[in-house]
Amino acid sequence: MKKPVCLFLIHIVFLVLFCSLFSHARPIPQTGPDYLKFVLNATEFPPEDYYDYIVVGGGTTGCPLAATLSQSYRVLLLERGGVTFGKHNLMSQDGFLSTLNDVDTFDSPAQAFMSEDGVPNARGRVLGGSSAINAGFYSRADPAFFQQSGVEWDLDIVNQAYEWVEEAIVFRPELRNWQSAVRDGLLEAGVEPYTGFSLEHVVGTKIGGSTFDGSGRRHSAADLLNHANEANIQVAVYASVERILLASTSQYSRSRLSAIGVVYRDKKGRYHHAMVREKGEVMLSAGAIGSPQLLLISGIGPRSYLSSLGIPVSYHLPYVGQYLYDNPRNGISIVPPMPLENSLIQVVGITEAGTYLEAASTVIPFVSPARSVFIRTPSTSPLYLTVATLMEKIVGPLSTGSLRLASTDVRVNPIVRFNYFSNPVDVERCVNGTRKIGDVLRSRSMEDFMFREWFGARNFRYVGPALPVDLSDFTQMADFLSPDG
């Protein structure tokens, strides 16, 4: 079975709608955030330099990691994309869908890819990573994550880190029509209790945090670089890391290899060597796709697989590229009878059964069919359509896939297969979550979003498939999750 589109409204665009980003000029303007003072184009860096820590990937992990390390050490943060400053679509909530659709092969902030499951997705390719292109929902982790991770966590430090992030980039969203109705519908559907605004992961219905502020301006992990020690940190953008450099730490044993630096390429195609000082480290934070890809290209992974590609084996690590998973997301979209605001994820429902329910609404340009006999294409302003969406996802998931190289060019997306729904537990959980969407649609809170039909009947106008009529039929519900559902 196929996971519906991971980034919530993309499937609508593919069905009926079409939606009608980073210069590398030097120097980067200094009128934006404070961190731009130490952000430079990779072309400005020397052919070789030394650091205490080299952080590869300026995303959700890399930015706060580099900022923290810079308090005591000399740090280089390498980001393959540019910066968000000055780019309206990236910086605003209204530009969310445009950012995801305005893509190219090597430069766009969103790097699109299609998994072998046939599901479109996107990776962040900009300082701030996917936190600069996603729907901006924020919540603390489920406490069970810490209990079941096998790692001994200092929860006092964890909570301090939460508070640091939240003070910098997390805001309380203001609910309007659709999000308020979904909140009420979740409660009518039994997703209780109502916990109001909360950043904790708690069962029930809540208003979560948002990385969009009250004016709709996006904040991302890059903002955390404002807390770095600027005397100790350098950030190179448009720096494509090509390889991790390894060397033996013992003259007698090749098994004691460690990372001594990286090779990265700038926009002009010139290569740079970033090396670590004694006791320094290379920190790989290039994401769930980028990190294993770079390891494999660097010769770190399964020996037989690397040898089959002609890649010299630096270190045999059999599970690199394995056990990759993505959370399946299913839902419905409707056209309401009245205009709605743009809203991304704000209200969520969390059930005891491990399903999460979310909602969004957006206004999208409507394009009529090409050369339509009956619809005249507007010659001036486009027509706009409001679409409201209810979605569910699940804890986990248990289904896993893998990643393999499509090319030894790190700029080319690897081949990814997530094997959605290969574990029947995921199917059962998604069916239960989708049934809960049905319960919300039957609530009184949703009546205002129906159209009045002949003889007093009221119905939703769906964009894409509607839920099966018989929600109790497991087979029909499971088929709804499939490509033919």
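In case you wondered, yes, glycine gets a Cβ from its N, Cα and C as well.
As annotated by TrEMBL, FAD binding site applies to T60, T61, E79, R80, V126, V241. Look at TrEMBL and you will find 124-147, 287-301 tagged as domain 'Glucose-methanol-choline oxidoreductase N-terminal'. According to TrEMBL, the signal peptide annotation covers 1-25.
For the domain 'Glucose-methanol-choline oxidoreductase N-terminal' (287-301), same-chain residues at least 6 beyond its ends with a Cβ under 8 Å from one of its own Cβ atoms are 56-57, 59, 113, 123-124, 129-130, 241-244, 246, 311-318, 320-321, 324, 403-405, 408, 410, 413-414, 416. Per the record's binding annotation for FAD, residues T60, T61, E79, R80, V126, V241 show a top Cα-Cα distance of 18 Å.
Taking every protein chain shown into account, T60, T61 are the binding-site residues, and of these the Cβ with the most other Cβ atoms within 10 Å belongs to T60. There are 31 other CB atoms within 10 A of the CB of E79 (FAD binding site), with all protein chains counted. The Cβ of V241 (FAD binding site) has V56, L78, R80, V262, V263, Y264, A286, L294, V410 as same-chain neighbours under 8 Å, each 6 or more residues away in sequence.
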